[in-house]
């Protein structure tokens, strides 16, 4: 399970819905793996405002990952500042050239973010709710969120 | 053919053999992929998004979500999170090494994500399973309301969900769409090949968004040959516009009774007229 998913996952038990402690779920005895994936800069830009950065840092430190910066990156941090933007298009020829170079170059920040969110996966372990202490088992990257009837 | 929903609960029906059959059948693959493409076109996503796949099974629809725009997925490649109740199906998905994250979860128990997580949600041939309850402590209505309530919360504002499902009858169709409306969605049912054996029902759901005249989901706007049936109650009549006992009121009541099949006296110029003052 990707860390991106963990940044959105809450406890499934009804009584935990109203308490803030049910998010994030804390990984325990986690076994990590890296799954290579293609960098998708548009997706990163899209998801960035929805990330809970502080919780991501907490999870990162619990998993023993290198510490993340204290402030979340902005959308501008993700792409290399383009040089074509300064050179205003004067004729049709230069404008075409500018459009061809629209392919945005990801910065090191974007690459790091991609590494943490989309390539770092929890393979085995448990996720523990901070409120009720319910443990969700993770096996082969698949978390078990089936609840016994009395907890629904 | 009998409906699998009537034989066994989903986690038992899709066992190892049945999951493999389902995933390797080229016929099912073709139908699933065409339905997924249809659902994606209804979602009309423009950029790579985070999508929830409810009842993802072996990831047949997820594979399409991970494709790039050049391979026929609008706005792709999307990142998706899928959940399913059948562990055998998820096992097949793991073998295929699908790109999305998988969960073993029951949609009838809710959607365990924080509010505003997803841009869109998709569900192919799954939610008819929610119309069955396997134990006495749960009911189809409760399962549907927990699912749609959770889904509504986890979608961001302006997000959309498209659920293709196989309703058993009109009653089930109504039950599902009413549960969605009750959860707060703007809901519409779109039927492809209506009346034929391979009819496909898509429940299109929207979160928020205003000024859509009649067409609450906004997906059939500009489409030809589509009749929008809006059964929602029109805005309440203004107070005092029609007084009880007035001529207008009497005529309306007579009309109502006539429609019910009662014998109603014919209306004339004397109907609802005041008698003159005697003294």
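Using the three backbone atoms N, Cα and C, a Cβ is placed for every residue, glycine included.
Taken from TrEMBL, the feature compositional bias 'Basic and acidic residues' applies to B:235-245, B:252-261. Under the heading domain 'Methyltransferase type 11', TrEMBL lists B:52-162. Under the heading domain '18S rRNA (guanine(1575)-N(7))-methyltransferase Bud23 C-terminal', TrEMBL lists B:223-276. Annotation comment: TrEMBL describes B:1-20, B:235-279 as region 'Disordered'.
Sorting each residue of the domain 'Methyltransferase type 11' (B:52-162) by its DSSP state yields 42 helix, 29 strand, 40 coil. Looking just at the domain 'Methyltransferase type 11' (B:52-162), the mean pLDDT is 91. For the compositional bias 'Basic and acidic residues' (B:252-261), the DSSP-based tally of helix, strand and coil residues reads 9 helix, 0 strand, 1 coil.
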